[in-house]
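Written below as structure tokens is the structure these notes are about.
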Amino acid sequence: MTAFRVTDEIAGATRRLADAGIEAPRADAEWLLCHVLGIDRGRLLVADDLTVDAAARYRDLVDRRAQRIPLQHLTGSAAFGPLELSVGPGVFVPRPETEWLLEWAVSELPGVCAPVVVDLCSGSGALAIGIAALVPTARVFAVEKSPEAGEWLRRNIIHCAVADRCVAVRADVTDRHGALDALTEAGWEGPADLVVSNPPYVPEGTDTSVEVGWDPHAAVFGGDDGMSVITPMLPLIGALLRPGGVAGIEHDETTAPAVLAAAQMSGLFTEVTGHDDLTGRPRFVTMRRADAGAGEPRARMAE
Ligand SMILES: C[S@@+](CC[C@H](N)C(=O)[O-])C[C@H]1O[C@@H](n2cnc3c(N)ncnc32)[C@H](O)[C@@H]1O
């Protein structure tokens, strides 16, 4: 009887995926096999030989990955910070680079008592749910326009067990009054301490990988200059934040100067600052809400 050895299957799959132009063929081959076997990656090399049925399912998934269907659409989930989020058609697959913004957001909250957080353009809920999971005292509002993405968002809020502190809100972030009304209807009562956003920001016409074609177009592209959501979203951020509250917006590598200029020119913010990742790529811009008499945090714990 033929044995379907784990090492042979992974080697064959890696070759197949490399030939198809997959960026990390070995890693994808391993993740797909973990998915079929229902085990962690650390257990792969001590796993038993595959059954005929498991080998057939594995090879089918490898074939589909070779057609450039995203790994996360095949496994149905995406790792993001401490989370495993459900994803699939109709929702943007969260990317590892957004973890920089999550890390910054969480670092802003330790001194704030019962922080109120708003995530604009929430998608699967990566940032909103990530913050709710990492900061148990936070109350988080996750704003998303697309009904399809909103379904994934609601599902993830429940599966990640943060439904008592994280609320999905359907609204267009470029419509300040409409979004404020929708937030108020969802229970938002007062100013936010922190706003985060990973909006659609890729300039139209930019070359992207085949896999990006599986994300909804409106989740990825932000008009000819990448600013079609970011610029009109700024007045909403200004209206949401308390004086002294902070916001962070992820952007395209090419648009840091435009985001910095738009935030400065809005007249709503001080301390407008660009942030690079460890490879030196511009990743996100942060800002602090300015106002007459601003500066005192809403409810700081005793120093
Ligand atoms: C780049 S995805 C980011 C999703 C998620 N925040 C993440 O980091 O994985 C952008 C999201 O913004 C949503 N979106 C696009 N335009 C919007 C708008 N005008 N108002 C609210 N959401 C919008 C898209 O549907 C998509 O879910």
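Each Cβ is built from the backbone N, Cα and C atoms, and glycine gets one as well.
Keep in mind it's a predicted model, so treat the numbers as computed, not measured.
Per TrEMBL, the feature domain 'Release factor glutamine methyltransferase N-terminal' maps to 12-76. Model confidence over the domain 'Release factor glutamine methyltransferase N-terminal' (12-76) stands at 95, taken as the mean pLDDT rounded to a whole number.
According to TrEMBL, the domain 'TRM5/TYW2-like methyltransferase' annotation covers 116-176.
Within the same chain, residues at least 6 positions away in sequence whose Cβ sits under 8 Å from that of Asn198 (S-adenosyl-L-methionine binding site) are Thr98, Leu101, Cys121, Gly123, Ala126, Leu127, Ile249, Glu250. Sequence annotations record features per position, and here TrEMBL assigns S-adenosyl-L-methionine binding site to Glu144, Asn198.
Counting only same-chain residues at least 6 apart in sequence, those with a Cβ under 8 Å from the Cβ of Tyr201 (substrate binding site) are Gly222, Gly226, Met227, Val229, Ile230, Glu250, His251, Asp252, Thr255. Taken from TrEMBL, the feature substrate binding site applies to Asn198, Pro199, Pro200, Tyr201.
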- Query: If the substrate site is taken as the center of the Cβ atoms of Asn198, Pro199, Pro200, Tyr201, which further residues of that chain fall within 8 Å of it by their Cβ?
  - Reply: Cys121, Ser197, Val202, Ala219, Val220, Gly222, Val229, Ile230, Ile249, Glu250, His251
- Item | Candidates near ligand 1 among the binding-site residues Glu144, Asn198, Pro200, Tyr201, judged by a Cβ under 6 angstroms | Glu144, Asn198, Pro200
- Query: Measuring Cα to Cα, how many angstrom lie between Pro200 (substrate binding site) and Glu144 (S-adenosyl-L-methionine binding site)?
  - Reply: 12
- How do the residues of the domain 'Release factor glutamine methyltransferase N-terminal' (12-76) split into helix, strand and coil according to DSSP? 47 helix, 1 strand, 17 coil
- Item | Distance from Pro199 (substrate binding site) back to Glu144 (S-adenosyl-L-methionine binding site), taken between C-alpha atoms, in Å | 10
